[in-house]
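As written in Swiss-Prot, here are the features:
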BINDING   30-37, 147-150, V176, 184-187  ATP binding site
ACT_SITE  H37  active site, proton donor
BINDING   Q61  beta-alanine binding site
BINDING   Q61, Q153  (R)-pantoate binding site
Amino acid sequence: MLKLNKINEVKKYVDEWKKEGLTIGLVPTMGCLHEGHKSLIDRAVKENDKVIVSVFVNPTQFGPNEDFDKYPRSIENDVDLCNKAGVSIVFNPDPKEMYFHDACTYVNVENLTDGLCGAKREGHFRGVCTVVSKLFNISQATRAYFGQKDAQQLAVIKRMVRDLNFNVEIVGCPIVRESDGLAKSSRNKYLSKEERVEALVLSRGLRKGKELLYGGIRKTSKIKETIENEIKKSHLGKIDYIEVVDSITLEPVENIERDVLVAIAVFIGKTRLIDNFIFKLGE
């Protein structure tokens, strides 16, 4: 396995692989890899001849009051995990390598980024789409792998790929959870022992909402109210949003007549956590 930090170095290997007719899987990450990331990497290794894992804490997707400087980094552990998983290249560039000092070109997906996380994190998805576009160009990936936990990101990337005719297949992978139900996240490292226990209100709230949906309730307001009541049982929890939206367009719905995404964001102490599930009508 190779650990590279220069774009041209990655391109050199990609060109060789393409000449040989090999398929390439890309797993874009911000590092601090956990079992959720590993599930993406394992699938990429299984489905492609070569796999590139990018480890890059992307400054352009963090707002001015967000946790860029504090975001957990563990490159040695990340490289070890990737090596054991059968990854071909770990791409770990510096921000100066990814962005020219006078860069003025960005990729922005409209409408889908207006709600959910996009409503509170101005510029976040512009940063995500720009860096992912660059990674697509650098890697020339056959397939790229994203987790369902970042459901809005997955929907936005799919739309960007469609609209801009990127020649890459987007593969969405299921949420990986701890044994007690908490969705795996790099930000879980921020949680104190007490906060870690309180964080379970996210998965419990979603489970309550899911029970109503599978029990035949179709009124969005009832679903949201039930989830809200469960989350409010935590004295450390502060709700950012609870939304029920169309699973494709991400537009809010009042009565559930098609597949929907039920998504929540909650602050546990100072740590913002997200979780979600997709309800498919007819299942």
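Each residue, glycine too, has its Cβ placed from N, Cα and C.
Within 10 Å (C-alpha to C-alpha) of V176 (ATP binding site) lie the following recorded positions from H37, Q61, Q153: H37.
Nearest to Q61 (beta-alanine binding site) in space, judged by Cα atoms and limited to the recorded positions L33, H37, Q153, S186, is Q153.
Separating the Cα atoms of S186 (ATP binding site) and H37 (active site, proton donor) is a whole-number distance of 10 Å. The secondary structure of Q61 (beta-alanine binding site), as reduced to three states from DSSP, is helical. Using a 10 Å Cβ-Cβ cutoff, Q148 (ATP binding site) registers 18 neighbours.
Separating the Cα atoms of M30 (ATP binding site) and Q153 ((R)-pantoate binding site) is a whole-number distance of 14 Å. Just so you know, the Cβ of V176 (ATP binding site) picks up 18 other Cβ atoms within 10 Å once every protein chain is counted.
According to its DSSP assignment, Q148 (ATP binding site) is coil. Least packed by the Cβ count within 10 Å, out of the binding-site residues M30, L33, is M30.
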